[in-house]
Amino acid sequence: MESLVFARRSGPTPSAAELARPLAEGLIKSPKPLMKKQAVKRHHHKHNLRHRYEFLETLGKGTYGKVKKARESSGRLVAIKSIRKDKIKDEQDLMHIRREIEIMSSLNHPHIIAIHEVFENSSKIVIVMEYASRGDLYDYISERQQLSEREARHFFRQIVSAVHYCHQNRVVHRDLKLENILLDANGNIKIADFGLSNLYHQGKFLQTFCGSPLYASPEIVNGKPYTGPEVDSWSLGVLLYILVHGTMPFDGHDHKILVKQISNGAYREPPKPSDACGLIRWLLMVNPTRRATLEDVASHWWVNWGYATRVGEQEAPHEGGHPGSDSARASMADWLRRSSRPLLENGAKVCSFFKQHAPGGGSTTPGLERQHSLKKSRKENDMAQSLHSDTADDTAHRPGKSNLKLPKGILKKKVSASAEGVQEDPPELSPIPASPGQAAPLLPKKGILKKPRQRESGYYSSPEPSESGELLDAGDVFVSGDPKEQKPPQASGLLLHRKGILKLNGKFSQTALELAAPTTFGSLDELAPPRPLARASRPSGAVSEDSILSSESFDQLDLPERLPEPPLRGCVSVDNLTGLEEPPSEGPGSCLRRWRQDPLGDSCFSLTDCQEVTATYRQALRVCSKLT
């Protein structure tokens, strides 16, 4: 198997003073935080990994493989994610995996899961990641129901520090949720799962509508283009609400109610007032131009209360939780001067949904709901065209669909992880319309929430397709994309024994160029042409759980470097975002849907069982006419 190793780019070794200078300046003071520099380099020696790791337990499962806790020969605990290439459905999934590896290996932050090594051979990709021993934040809050304000501030500061660092490097996460926020042995935050992340550019819009329903911003649920950071800001508002109040801010039991609440910024009235309510209101502003940015959050007085410095700088909390100098008071005064805009006129109406939607006599306190990521469509609609198209014709032929509800109840026990699918995205950057005042037309709304699946692990979440391989029948997902524009299915023969799929130059700009043209996929060095289906060397069921590394040999590679301003693909079309009101077409675009046998053929009596269908039908009409 080939391995991707994270080695520094060759060149002159910087002095100790040069290395210490950016670290002393801190993340916030540095205009562009340093990212790890890596280059693709092929090693010609093999690596046998069987004796390097001792597998201990399974942390998560996905369609592509598993995530296992393992111990290196040095004694260090790691999380090993194995991806079987024969499970990769198409090139979009492949590009999705590669993007996650490239972005996560380029980011270097204490509160972001680090990738140590990536190994690859003809049948597997093995990613060795940092191990977070205390699980995810969802389980942590589930066990405690509600955190103290001091603990909530501690977690939120670390989350903000990591997301702020990503935004300074033009990376938007787009899937911030409790399930993707892990805790290490020391109780520190580790953000995982960058499968839906992307690069963004000021002056360009992203056309990808993805994420998780209860954390999705108004732009996402209404199908409007967005720059990028504002969707993370909204998700941070939802996370802060949960950390402070211990409940979800929006009602996820009915997708119509959820869309209405998010669109109006009408979150539940908190059961108990908190000093963080002002920041929550600012983060949950419907208007993205008035929504708090990560810079605003990092300098907010509530976030920095009890700390000598703001988020990202050298932190030294004081005893008793009160600032020991005038720095916090000065920061608060500065924030009050900058935020003199009327927060109560932001359109985020704090409505009491306990009174409006609570069942009579029942408990109205909502619990947390585990979220699955939104899927991405196989092909992106042209945003420039959709912004000027008339949506009346689109909505006229879409039949209604009954509401799809999530199960009610408080926090559920953790079960085996099942990853949700995502499809890789076409280029999603589009220029801002010439007339900024012209609002984009609303897109046809479709269902948001679907049947829930098993819980996800932060190690195994967004990049994985659903267990069944269905495109439109997975749980807790938005599905968007015009079926008529979907690509024809790839020959399954392309999925067998593909070599070196992570060995391309690895530039983000290359990804968009490759996917813009119709190509097959296999090795990223040289995409293989289609070939007929060949029998696998052994059936998939014969692969043992402990055979992730087995006795195979691995080649070792370096990860690609990060290029500035690379155009990336989008992941979901605009046309199909907020609902699922029309049945998917059965054309060639629906290649990932599970085949289902026609129920008529299995019924006790069906016209398909008759020899003369026309005669039987006419006889039935005559009987009906006599009865009437």
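Yeah, the Cβs are placed from backbone N, Cα and C, and that goes for glycine too.
DSSP assigns ASP175 (active site, proton acceptor) to coil in the three-state reduction, outside any helix or strand. There are 29 other Cβ atoms within 10 Å of the Cβ belonging to ASP175 (active site, proton acceptor). Among the features that Swiss-Prot reports, active site, proton acceptor is placed at ASP175, with the record citing similarity to another entry.
Per Swiss-Prot, ATP binding site is recorded for LEU59, GLY60, LYS61, GLY62, THR63, TYR64, GLY65, LYS66, VAL67, LYS81.
The compositional bias 'Low complexity' feature in Swiss-Prot is assigned to 457-469.
The average pLDDT computed for the domain 'Protein kinase' (53-303) is 90. Per Swiss-Prot, the feature domain 'Protein kinase' maps to 53-303.
What Swiss-Prot lists as N-acetylmethionine is MET1.
Per Swiss-Prot, phosphothreonine is recorded for THR208, and the stated evidence type is experimental evidence. THR208 (phosphothreonine) falls within neither a helix nor a strand when secondary structure is assigned with DSSP, and so counts as coil.
Taken from Swiss-Prot, the feature phosphoserine covers SER435 (among others).
The annotation phosphoserine is assigned in Swiss-Prot to SER523 (among others) on the grounds of a large-scale study or a structure entry.
The phosphoserine feature in Swiss-Prot is assigned to SER544 (among others).
Among the features that Swiss-Prot reports, phosphoserine is placed at SER547 (among others), with the record citing a large-scale study or a structure entry.
Here Swiss-Prot flags SER573 (among others) as phosphoserine.
Here Swiss-Prot flags 355-493 (among others) as region 'Disordered'.
What Swiss-Prot lists as region 'Disordered' is 531-562 (among others).
Cβ crowding, taken as the number of other Cβ atoms within 10 Å, peaks at THR208 among the recorded positions THR63, THR208.
If you compare every pair of Cα atoms in LEU59, GLY60, LYS61, GLY62, THR63, TYR64, GLY65, LYS66, VAL67, LYS81, the residues listed for ATP, the longest distance is 14 angstrom.
Of all the Cβ atoms in the protein chains shown, 25 others lie within 10 Å of the Cβ of VAL67 (ATP binding site). Note on proximity: among LEU59, LYS61, THR63, VAL67, THR208, the recorded positions of the record, the Cα nearest ASP175 (active site, proton acceptor) is that of THR208.
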